[in-house]
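Inspection log for the structure reproduced underneath, given as C-alpha coordinates.
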Amino acid sequence: MELLKAGWPERAERSAEVIETVSRILSEVEREGLPAIRRYSEHLDRWNPDSFIVPASQVKAAAETVDDELAAQLEFARTQVERFARAQRATLTDLEVETLPGVVLGHKHLPISRVGSYSPGGRYPLIASSIMTVTVPKVAGVDTVIAMAPPRGGNGIYGPQLYTMDLAGADLIVCLGGVQAFAALAFGFEDVAPVDLVVGAGNAYVAEAKRQLFGTVGIDLLAGPTEVAVIADETADPRLVAADLLGQAEHGPNSPALLITTSHDFGAAVIAEVDRWLEGDWPTAEVAGAAWRAYGTVVVCESREEVVTVSDTYAAEHLEIQTADDDWYAASLRNYGSLFIGAEATVAFSDKSIGTNHVLPTGRAGRYTGGLWVGKFLKTVTYQRLTTAGAASIAPSTAAIADAELMFGHALTARLRSADGGAQAL
Ligand code: NAD
(Lines of atoms letter the chains of each structure in order from A and count residues from 1; the text may use other names and numbers.)
(Lines give C-alpha, C1' and ligand atoms only; values in the text may rest on other atoms or scores of the structure.)
Protein backbone atom coordinates (compact mmCIF):
# COMPACT_ATOMS: atom_id res chain seq x y z
CA MET A 1 0.00 0.00 0.00
CA GLU A 2 1.28 3.46 -0.88
CA LEU A 3 0.04 6.75 0.55
CA LEU A 4 0.22 9.31 -2.28
CA LYS A 5 -1.39 11.98 -0.12
CA ALA A 6 -2.13 11.76 3.61
CA GLY A 7 -4.81 13.70 5.47
CA TRP A 8 -7.74 11.75 6.88
CA PRO A 9 -6.74 9.96 10.09
CA GLU A 10 -7.91 6.35 10.17
CA ARG A 11 -9.24 6.78 13.70
CA ALA A 12 -12.03 9.28 14.26
CA GLU A 13 -11.04 11.99 16.74
CA ARG A 14 -13.37 14.09 18.87
CA SER A 15 -12.14 17.55 19.81
CA ALA A 16 -11.93 18.29 23.55
CA GLU A 17 -13.09 21.86 22.85
CA VAL A 18 -16.26 20.61 21.11
CA ILE A 19 -17.01 18.11 23.88
CA GLU A 20 -16.59 20.75 26.59
CA THR A 21 -18.58 23.47 24.77
CA VAL A 22 -21.49 21.12 24.08
CA SER A 23 -21.54 19.82 27.64
CA ARG A 24 -21.65 23.39 29.01
CA ILE A 25 -24.50 24.49 26.72
CA LEU A 26 -26.56 21.38 27.41
CA SER A 27 -26.20 21.56 31.17
CA GLU A 28 -27.05 25.29 31.26
CA VAL A 29 -30.16 24.76 29.11
CA GLU A 30 -31.23 21.81 31.26
CA ARG A 31 -30.79 23.89 34.44
CA GLU A 32 -32.09 27.30 33.33
CA GLY A 33 -34.30 26.58 30.31
CA LEU A 34 -35.27 29.46 28.02
CA PRO A 35 -32.83 32.11 29.39
CA ALA A 36 -29.88 29.85 28.50
CA ILE A 37 -31.35 29.11 25.06
CA ARG A 38 -31.69 32.86 24.48
CA ARG A 39 -28.17 33.55 25.70
CA TYR A 40 -26.54 30.99 23.38
CA SER A 41 -28.73 31.79 20.39
CA GLU A 42 -27.83 35.47 20.78
CA HIS A 43 -24.13 34.74 21.32
CA LEU A 44 -23.66 32.16 18.53
CA ASP A 45 -26.29 33.19 15.97
CA ARG A 46 -27.27 36.78 16.90
CA TRP A 47 -30.86 35.59 17.17
CA ASN A 48 -33.16 36.40 20.08
CA PRO A 49 -36.80 36.90 18.96
CA ASP A 50 -39.82 37.05 21.29
CA SER A 51 -40.54 33.42 20.41
CA PHE A 52 -38.33 30.85 18.67
CA ILE A 53 -41.46 29.25 17.18
CA VAL A 54 -41.94 30.47 13.62
CA PRO A 55 -45.42 32.01 13.21
CA ALA A 56 -47.76 30.71 10.49
CA SER A 57 -47.70 34.14 8.77
CA GLN A 58 -43.94 33.86 8.27
CA VAL A 59 -44.27 30.31 6.94
CA LYS A 60 -46.85 31.55 4.44
CA ALA A 61 -44.64 34.46 3.41
CA ALA A 62 -41.74 32.07 2.74
CA ALA A 63 -43.58 30.80 -0.35
CA GLU A 64 -42.82 34.14 -2.00
CA THR A 65 -39.08 33.39 -1.81
CA VAL A 66 -39.49 30.30 -4.02
CA ASP A 67 -40.04 30.65 -7.77
CA ASP A 68 -42.17 28.19 -9.75
CA GLU A 69 -39.18 26.26 -11.10
CA LEU A 70 -37.63 25.71 -7.66
CA ALA A 71 -41.04 24.82 -6.21
CA ALA A 72 -41.50 22.15 -8.91
CA GLN A 73 -38.01 20.72 -8.32
CA LEU A 74 -38.54 20.65 -4.55
CA GLU A 75 -41.78 18.78 -5.09
CA PHE A 76 -39.93 16.35 -7.37
CA ALA A 77 -37.32 15.71 -4.64
CA ARG A 78 -39.99 15.37 -1.94
CA THR A 79 -41.87 12.86 -4.07
CA GLN A 80 -38.74 10.73 -4.64
CA VAL A 81 -37.90 10.68 -0.93
CA GLU A 82 -41.48 9.83 -0.01
CA ARG A 83 -41.67 7.10 -2.67
CA PHE A 84 -38.53 5.33 -1.41
CA ALA A 85 -39.55 5.74 2.25
CA ARG A 86 -42.97 4.20 1.51
CA ALA A 87 -41.34 1.27 -0.29
CA GLN A 88 -38.98 0.75 2.66
CA ARG A 89 -41.89 0.97 5.12
CA ALA A 90 -43.65 -1.79 3.17
CA THR A 91 -40.73 -4.16 3.90
CA LEU A 92 -41.34 -3.81 7.65
CA THR A 93 -44.13 -6.27 8.13
CA ASP A 94 -45.63 -7.22 11.47
CA LEU A 95 -44.94 -10.77 12.57
CA GLU A 96 -46.93 -13.31 14.59
CA VAL A 97 -45.76 -16.90 14.95
CA GLU A 98 -46.79 -19.92 17.07
CA THR A 99 -43.38 -21.19 18.24
CA LEU A 100 -44.91 -24.01 20.34
CA PRO A 101 -48.52 -25.20 20.66
CA GLY A 102 -50.29 -22.40 22.52
CA VAL A 103 -47.28 -20.02 22.52
CA VAL A 104 -47.75 -17.06 20.20
CA LEU A 105 -44.96 -14.50 19.77
CA GLY A 106 -45.08 -11.38 17.67
CA HIS A 107 -43.59 -8.05 16.82
CA LYS A 108 -45.02 -4.87 15.39
CA HIS A 109 -43.61 -1.49 14.37
CA LEU A 110 -44.99 1.47 16.32
CA PRO A 111 -44.24 5.03 15.27
CA ILE A 112 -42.47 7.30 17.76
CA SER A 113 -44.83 10.05 18.95
CA ARG A 114 -42.78 13.25 18.86
CA VAL A 115 -39.70 13.93 16.75
CA GLY A 116 -37.38 16.94 16.46
CA SER A 117 -35.87 17.19 12.95
CA TYR A 118 -32.82 19.39 12.37
CA SER A 119 -31.75 20.88 9.03
CA PRO A 120 -28.27 22.42 8.97
CA GLY A 121 -27.97 26.06 8.02
CA GLY A 122 -24.61 27.45 9.14
CA ARG A 123 -22.48 27.64 6.00
CA TYR A 124 -25.18 26.62 3.49
CA PRO A 125 -28.93 26.45 4.12
CA LEU A 126 -29.42 22.72 3.43
CA ILE A 127 -32.96 22.82 2.08
CA ALA A 128 -32.88 19.16 1.05
CA SER A 129 -32.24 18.16 4.67
CA SER A 130 -35.74 19.38 5.52
CA ILE A 131 -37.17 16.87 3.06
CA MET A 132 -35.00 14.05 4.43
CA THR A 133 -35.86 14.70 8.08
CA VAL A 134 -39.54 15.72 7.85
CA THR A 135 -41.06 13.74 4.98
CA VAL A 136 -39.70 10.42 6.23
CA PRO A 137 -41.08 10.54 9.82
CA LYS A 138 -44.43 11.54 8.37
CA VAL A 139 -44.37 8.39 6.19
CA ALA A 140 -43.58 6.41 9.36
CA GLY A 141 -46.71 7.81 11.04
CA VAL A 142 -45.03 10.09 13.60
CA ASP A 143 -47.73 12.30 15.21
CA THR A 144 -45.69 15.47 15.71
CA VAL A 145 -42.65 16.48 13.70
CA ILE A 146 -40.99 19.67 14.92
CA ALA A 147 -38.61 20.99 12.27
CA MET A 148 -35.73 23.21 13.33
CA ALA A 149 -33.03 25.15 11.48
CA PRO A 150 -30.68 28.01 12.35
CA PRO A 151 -31.40 31.63 11.50
CA ARG A 152 -29.68 33.06 8.45
CA GLY A 153 -28.42 36.57 9.05
CA GLY A 154 -30.87 38.38 11.27
CA ASN A 155 -33.87 37.15 9.29
CA GLY A 156 -34.83 33.82 10.75
CA ILE A 157 -34.82 30.65 8.66
CA TYR A 158 -33.80 31.02 5.00
CA GLY A 159 -37.03 31.47 3.01
CA PRO A 160 -36.73 28.42 0.68
CA GLN A 161 -35.76 26.23 3.65
CA LEU A 162 -38.79 27.40 5.64
CA TYR A 163 -41.00 26.79 2.61
CA THR A 164 -39.59 23.26 2.26
CA MET A 165 -40.11 22.40 5.94
CA ASP A 166 -43.77 23.27 5.48
CA LEU A 167 -43.98 21.43 2.14
CA ALA A 168 -42.50 18.31 3.78
CA GLY A 169 -45.24 18.34 6.45
CA ALA A 170 -43.70 19.88 9.60
CA ASP A 171 -46.24 20.31 12.40
CA LEU A 172 -44.25 23.08 14.07
CA ILE A 173 -41.17 25.03 12.96
CA VAL A 174 -38.52 26.34 15.34
CA CYS A 175 -35.77 28.78 14.42
CA LEU A 176 -32.76 27.72 16.48
CA GLY A 177 -29.32 26.47 15.47
CA GLY A 178 -26.80 23.93 16.67
CA VAL A 179 -26.59 22.72 20.26
CA GLN A 180 -29.26 25.07 21.61
CA ALA A 181 -31.76 23.73 19.05
CA PHE A 182 -31.22 20.13 20.17
CA ALA A 183 -31.24 21.12 23.85
CA ALA A 184 -34.51 23.04 23.42
CA LEU A 185 -36.27 20.05 21.89
CA ALA A 186 -34.74 17.49 24.26
CA PHE A 187 -35.64 19.40 27.45
CA GLY A 188 -38.66 21.38 26.17
CA PHE A 189 -38.93 25.17 25.91
CA GLU A 190 -41.63 27.89 25.75
CA ASP A 191 -44.78 25.73 25.69
CA VAL A 192 -43.20 22.95 23.62
CA ALA A 193 -42.94 19.63 25.49
CA PRO A 194 -39.77 17.55 25.09
CA VAL A 195 -39.61 15.30 22.03
CA ASP A 196 -38.87 11.57 22.11
CA LEU A 197 -36.28 11.48 19.31
CA VAL A 198 -34.01 14.04 17.63
CA VAL A 199 -32.67 13.47 14.12
CA GLY A 200 -30.62 15.20 11.48
CA ALA A 201 -27.12 16.06 10.33
CA GLY A 202 -24.91 18.98 11.28
CA ASN A 203 -21.44 20.14 12.18
CA ALA A 204 -19.20 18.67 14.90
CA TYR A 205 -21.16 20.53 17.65
CA VAL A 206 -24.42 19.09 16.40
CA ALA A 207 -23.07 15.52 16.26
CA GLU A 208 -21.60 15.88 19.76
CA ALA A 209 -24.85 17.35 21.12
CA LYS A 210 -26.75 14.30 19.90
CA ARG A 211 -24.15 11.96 21.41
CA GLN A 212 -24.42 13.66 24.80
CA LEU A 213 -28.23 13.85 24.67
CA PHE A 214 -28.65 10.16 23.91
CA GLY A 215 -30.61 8.69 26.78
CA THR A 216 -32.45 11.93 27.55
CA VAL A 217 -33.91 11.51 24.07
CA GLY A 218 -33.39 8.98 21.33
CA ILE A 219 -31.11 9.92 18.45
CA ASP A 220 -31.04 8.62 14.90
CA LEU A 221 -27.26 8.29 14.43
CA LEU A 222 -24.10 10.38 14.54
CA ALA A 223 -24.17 12.38 11.31
CA GLY A 224 -21.40 14.99 11.47
CA PRO A 225 -19.13 16.66 8.92
CA THR A 226 -19.51 15.13 5.45
CA GLU A 227 -17.06 12.51 4.18
CA VAL A 228 -16.54 11.04 0.73
CA ALA A 229 -14.46 8.14 -0.52
CA VAL A 230 -14.08 7.06 -4.14
CA ILE A 231 -12.80 3.67 -5.22
CA ALA A 232 -11.57 4.07 -8.81
CA ASP A 233 -9.20 2.37 -11.23
CA GLU A 234 -7.56 3.40 -14.51
CA THR A 235 -10.85 2.86 -16.39
CA ALA A 236 -12.37 5.88 -14.58
CA ASP A 237 -12.21 9.52 -15.67
CA PRO A 238 -9.78 11.31 -13.31
CA ARG A 239 -11.44 14.69 -13.87
CA LEU A 240 -14.85 13.30 -12.90
CA VAL A 241 -13.40 11.58 -9.81
CA ALA A 242 -11.59 14.80 -8.82
CA ALA A 243 -14.86 16.73 -9.19
CA ASP A 244 -16.75 14.22 -7.04
CA LEU A 245 -14.09 14.47 -4.30
CA LEU A 246 -14.19 18.29 -4.30
CA GLY A 247 -17.98 18.32 -4.67
CA GLN A 248 -18.26 16.84 -1.19
CA ALA A 249 -15.20 18.62 0.26
CA GLU A 250 -17.09 21.89 -0.31
CA HIS A 251 -19.39 20.98 2.62
CA GLY A 252 -16.79 22.38 5.03
CA PRO A 253 -13.05 22.74 5.68
CA ASN A 254 -13.12 19.65 7.92
CA SER A 255 -14.71 17.33 5.32
CA PRO A 256 -12.40 14.43 4.39
CA ALA A 257 -12.15 13.21 0.79
CA LEU A 258 -10.43 9.91 0.04
CA LEU A 259 -9.42 8.19 -3.19
CA ILE A 260 -8.56 4.49 -3.03
CA THR A 261 -7.13 3.10 -6.25
CA THR A 262 -5.15 0.17 -7.58
CA SER A 263 -3.21 2.42 -9.99
CA HIS A 264 -0.38 4.76 -8.96
CA ASP A 265 -0.71 6.70 -12.25
CA PHE A 266 -4.46 7.12 -11.79
CA GLY A 267 -3.95 8.40 -8.23
CA ALA A 268 -1.40 10.94 -9.46
CA ALA A 269 -3.75 11.97 -12.29
CA VAL A 270 -6.61 12.62 -9.83
CA ILE A 271 -4.35 14.74 -7.60
CA ALA A 272 -3.38 16.79 -10.67
CA GLU A 273 -7.05 17.19 -11.66
CA VAL A 274 -8.01 18.31 -8.16
CA ASP A 275 -5.30 20.99 -8.39
CA ARG A 276 -6.58 22.01 -11.84
CA TRP A 277 -10.15 22.37 -10.56
CA LEU A 278 -8.98 24.39 -7.55
CA GLU A 279 -6.76 26.70 -9.60
CA GLY A 280 -9.46 27.11 -12.24
CA ASP A 281 -13.14 27.72 -11.95
CA TRP A 282 -14.32 25.99 -8.78
CA PRO A 283 -16.74 28.42 -7.10
CA THR A 284 -16.28 27.12 -3.56
CA ALA A 285 -12.52 26.55 -3.91
CA GLU A 286 -11.77 28.31 -0.65
CA VAL A 287 -13.68 25.73 1.42
CA ALA A 288 -13.12 22.67 -0.78
CA GLY A 289 -9.42 23.50 -1.16
CA ALA A 290 -8.94 23.87 2.59
CA ALA A 291 -10.66 20.52 3.16
CA TRP A 292 -8.58 18.83 0.45
CA ARG A 293 -5.28 20.23 1.74
CA ALA A 294 -6.02 19.15 5.33
CA TYR A 295 -8.00 15.93 4.86
CA GLY A 296 -7.58 14.87 1.21
CA THR A 297 -6.11 11.37 1.05
CA VAL A 298 -4.98 9.17 -1.84
CA VAL A 299 -4.15 5.53 -1.18
CA VAL A 300 -2.76 3.14 -3.81
CA CYS A 301 -3.45 -0.53 -3.06
CA GLU A 302 -1.93 -3.67 -4.49
CA SER A 303 -5.16 -5.63 -4.88
CA ARG A 304 -8.94 -5.30 -4.90
CA GLU A 305 -9.01 -7.08 -1.53
CA GLU A 306 -6.68 -4.48 -0.04
CA VAL A 307 -8.91 -1.71 -1.43
CA VAL A 308 -11.86 -3.26 0.41
CA THR A 309 -9.90 -3.53 3.67
CA VAL A 310 -8.81 0.12 3.49
CA SER A 311 -12.31 1.30 2.58
CA ASP A 312 -13.95 -0.71 5.37
CA THR A 313 -11.48 0.79 7.86
CA TYR A 314 -12.50 4.36 7.01
CA ALA A 315 -16.20 3.41 6.76
CA ALA A 316 -16.86 6.57 4.73
CA GLU A 317 -20.26 8.24 4.84
CA HIS A 318 -20.44 8.30 1.02
CA LEU A 319 -18.62 5.70 -1.03
CA GLU A 320 -18.43 5.85 -4.83
CA ILE A 321 -17.19 2.99 -7.01
CA GLN A 322 -15.91 3.78 -10.51
CA THR A 323 -14.03 0.69 -11.70
CA ALA A 324 -14.09 -2.19 -14.16
CA ASP A 325 -15.26 -4.40 -11.27
CA ASP A 326 -18.09 -2.35 -9.77
CA ASP A 327 -20.28 -5.37 -9.00
CA TRP A 328 -17.46 -7.24 -7.23
CA TYR A 329 -16.72 -4.21 -5.06
CA ALA A 330 -20.41 -3.61 -4.33
CA ALA A 331 -20.75 -7.19 -3.13
CA SER A 332 -17.53 -7.13 -1.06
CA LEU A 333 -17.68 -3.79 0.78
CA ARG A 334 -19.29 -3.72 4.25
CA ASN A 335 -18.71 -0.38 5.95
CA TYR A 336 -20.23 2.78 4.44
CA GLY A 337 -23.25 5.03 4.83
CA SER A 338 -24.43 4.90 1.23
CA LEU A 339 -22.90 3.32 -1.87
CA PHE A 340 -22.78 4.91 -5.34
CA ILE A 341 -22.24 2.24 -7.95
CA GLY A 342 -20.83 3.35 -11.30
CA ALA A 343 -19.77 6.70 -12.75
CA GLU A 344 -23.36 7.90 -13.22
CA ALA A 345 -24.22 7.63 -9.52
CA THR A 346 -22.80 10.80 -8.00
CA VAL A 347 -23.23 11.68 -4.32
CA ALA A 348 -24.90 14.99 -5.18
CA PHE A 349 -27.96 13.12 -6.53
CA SER A 350 -28.57 11.57 -3.13
CA ASP A 351 -27.69 14.79 -1.30
CA LYS A 352 -30.58 16.54 -3.02
CA SER A 353 -33.19 14.56 -4.84
CA ILE A 354 -32.77 10.92 -5.88
CA GLY A 355 -34.79 9.61 -2.93
CA THR A 356 -32.35 7.82 -0.60
CA ASN A 357 -31.79 9.71 2.65
CA HIS A 358 -28.79 12.03 2.87
CA VAL A 359 -28.50 11.90 6.68
CA LEU A 360 -25.71 9.33 6.93
CA PRO A 361 -23.17 8.05 9.46
CA THR A 362 -19.78 9.78 9.80
CA GLY A 363 -16.75 9.35 12.06
CA ARG A 364 -16.65 5.60 11.28
CA ALA A 365 -20.21 5.09 12.55
CA GLY A 366 -20.79 3.25 9.24
CA ARG A 367 -19.24 0.22 10.99
CA TYR A 368 -22.43 -0.25 13.00
CA THR A 369 -25.29 1.71 11.43
CA GLY A 370 -26.75 2.81 8.14
CA GLY A 371 -28.30 6.23 7.62
CA LEU A 372 -31.64 7.79 8.47
CA TRP A 373 -34.61 5.86 7.09
CA VAL A 374 -38.23 5.22 7.88
CA GLY A 375 -37.28 2.39 10.27
CA LYS A 376 -35.49 4.86 12.58
CA PHE A 377 -38.88 6.42 13.37
CA LEU A 378 -40.46 3.10 14.32
CA LYS A 379 -40.03 1.01 17.45
CA THR A 380 -40.08 -2.73 16.82
CA VAL A 381 -41.87 -3.99 19.92
CA THR A 382 -42.58 -7.60 20.81
CA TYR A 383 -45.55 -9.29 22.50
CA GLN A 384 -46.54 -12.77 23.61
CA ARG A 385 -49.85 -14.56 24.15
CA LEU A 386 -50.28 -18.08 25.63
CA THR A 387 -52.92 -20.69 26.23
CA THR A 388 -52.90 -22.65 29.52
CA ALA A 389 -51.16 -25.52 27.74
CA GLY A 390 -48.65 -23.12 26.20
CA ALA A 391 -47.83 -21.64 29.62
CA ALA A 392 -47.36 -25.13 31.03
CA SER A 393 -44.75 -25.90 28.37
CA ILE A 394 -42.65 -22.80 29.18
CA ALA A 395 -42.99 -22.82 33.00
CA PRO A 396 -40.49 -25.65 33.86
CA SER A 397 -37.63 -24.04 31.97
CA THR A 398 -38.34 -20.56 33.36
CA ALA A 399 -38.64 -21.91 36.91
CA ALA A 400 -35.36 -23.86 36.64
CA ILE A 401 -33.42 -20.91 35.23
CA ALA A 402 -34.91 -18.54 37.82
CA ASP A 403 -34.02 -20.95 40.65
CA ALA A 404 -30.44 -21.12 39.38
CA GLU A 405 -30.33 -17.31 39.28
CA LEU A 406 -31.67 -17.18 42.86
CA MET A 407 -34.66 -15.19 41.58
CA PHE A 408 -37.38 -16.84 43.61
CA GLY A 409 -40.19 -14.47 42.62
CA HIS A 410 -39.57 -15.24 38.97
CA ALA A 411 -39.64 -18.98 39.71
CA LEU A 412 -42.89 -18.60 41.67
CA THR A 413 -44.71 -16.69 38.88
CA ALA A 414 -43.66 -19.40 36.43
CA ARG A 415 -44.73 -22.29 38.71
CA LEU A 416 -48.13 -20.65 39.34
CA ARG A 417 -48.68 -21.23 35.60
CA SER A 418 -47.32 -24.79 35.44
CA ALA A 419 -49.30 -27.90 34.48
CA ASP A 420 -50.29 -28.62 38.07
CA GLY A 421 -51.79 -25.14 38.38
CA GLY A 422 -49.11 -24.01 40.79
CA ALA A 423 -49.61 -26.84 43.31
CA GLN A 424 -45.81 -27.16 43.72
CA ALA A 425 -45.47 -23.46 44.36
CA LEU A 426 -48.21 -23.07 46.94
P1 NAD B 1 -25.11 23.57 11.30
O2 NAD B 1 -26.54 23.94 11.16
O3 NAD B 1 -24.76 22.16 11.54
O4 NAD B 1 -24.46 24.40 12.48
C5 NAD B 1 -24.69 25.76 12.64
C6 NAD B 1 -24.78 26.05 14.12
O7 NAD B 1 -23.58 25.69 14.76
C8 NAD B 1 -24.96 27.51 14.41
O9 NAD B 1 -26.35 27.79 14.43
C10 NAD B 1 -24.31 27.68 15.77
O11 NAD B 1 -25.28 27.75 16.78
C12 NAD B 1 -23.48 26.44 15.94
N13 NAD B 1 -22.08 26.79 16.19
C14 NAD B 1 -21.22 27.37 15.32
N15 NAD B 1 -20.04 27.59 15.93
C16 NAD B 1 -20.17 27.16 17.21
C17 NAD B 1 -19.30 27.13 18.34
N18 NAD B 1 -18.05 27.60 18.28
N19 NAD B 1 -19.77 26.62 19.50
C20 NAD B 1 -21.02 26.12 19.58
N21 NAD B 1 -21.88 26.14 18.54
C22 NAD B 1 -21.45 26.64 17.37
O23 NAD B 1 -24.40 24.14 9.96
P24 NAD B 1 -22.91 24.06 9.45
O25 NAD B 1 -21.96 24.59 10.49
O26 NAD B 1 -22.92 24.68 8.11
O27 NAD B 1 -22.60 22.52 9.32
C28 NAD B 1 -23.35 21.65 8.53
C29 NAD B 1 -22.63 20.35 8.58
O30 NAD B 1 -23.51 19.29 8.25
C31 NAD B 1 -21.44 20.25 7.64
O32 NAD B 1 -20.32 19.82 8.37
C33 NAD B 1 -21.87 19.18 6.65
O34 NAD B 1 -20.79 18.44 6.16
C35 NAD B 1 -22.77 18.33 7.53
N36 NAD B 1 -23.69 17.46 6.85
C37 NAD B 1 -23.67 16.15 7.23
C38 NAD B 1 -24.54 15.25 6.67
C39 NAD B 1 -24.53 13.82 7.13
O40 NAD B 1 -25.48 13.11 6.86
N41 NAD B 1 -23.53 13.37 7.85
C42 NAD B 1 -25.49 15.68 5.74
C43 NAD B 1 -25.51 17.01 5.38
C44 NAD B 1 -24.61 17.90 5.95
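Residue 1 is the first one shown; counting continues down the chain.
Any Cβ shown, glycine's included, is placed from N, Cα and C.
Sequence-distant neighbours of Glu317 (active site, proton acceptor): residues of the same chain at least 6 apart with a C-beta under 8 Å from its C-beta are Ala223, Thr226, Glu227, Val228, Tyr336, Gly337, Ser338, Leu360, Pro361, Thr362, Gly366. The feature active site, proton acceptor is assigned by TrEMBL to Glu317 (among others).
Long-range Cβ neighbours of His318 (active site, proton acceptor) (same chain, at least 6 residues apart, Cβ-Cβ under 8 Å): Thr226, Glu227, Val228, Ala229, Gln248, Tyr336, Gly337, Ser338, Phe340, Val347, Ser350, Leu360. According to its DSSP assignment, His318 (active site, proton acceptor) is in a strand. The annotation active site, proton acceptor is assigned in TrEMBL to His318 (among others).
Contacts of Asn203 (NAD(+) binding site) defined by a Cβ separation under 8 A and a same-chain sequence distance of 6+ are given as Pro120, Gly122, Gly178, Gly224, Pro225, Gly252, in order along the sequence. A coil conformation is recorded for Asn203 (NAD(+) binding site) in the three-state DSSP classification, outside any helix or strand. Sequence annotations record features per position, and here TrEMBL assigns NAD(+) binding site to Tyr118, Gln180, Asn203.
Just so you know, the Cβ of Glu405 (substrate binding site) picks up 10 other Cβ atoms within 10 Å once every protein chain is counted. According to DSSP, Glu405 (substrate binding site) is assigned to coil rather than to any helix or strand. Summarising the annotation, TrEMBL assigns substrate binding site to Thr226, Gln248, His251, His318, Asp351, Glu405, His410.
The 10 Å shell around the Cβ of Gln248 (substrate binding site) contains 26 further Cβ atoms across the protein chains shown. What TrEMBL records for Gln248, His251, Asp351, His410 is Zn(2+) binding site.
Sorted by the number of other CB atoms within 10 A, the binding-site residues His251, His410 start with His410, the lowest. Between the binding-site residues Gln180, Thr226, Gln180 has the most other Cβ atoms inside 10 Å of its own Cβ, all protein chains included.
Candidate binding-site residues: Thr226, Gln248, His410. Those with a Cβ under 6 Å from ligand 1, in sequence order, are Thr226. Calculated from their C-alpha atoms, the gap between Asp351 (substrate binding site) and Tyr118 (NAD(+) binding site) amounts to 15 Å.
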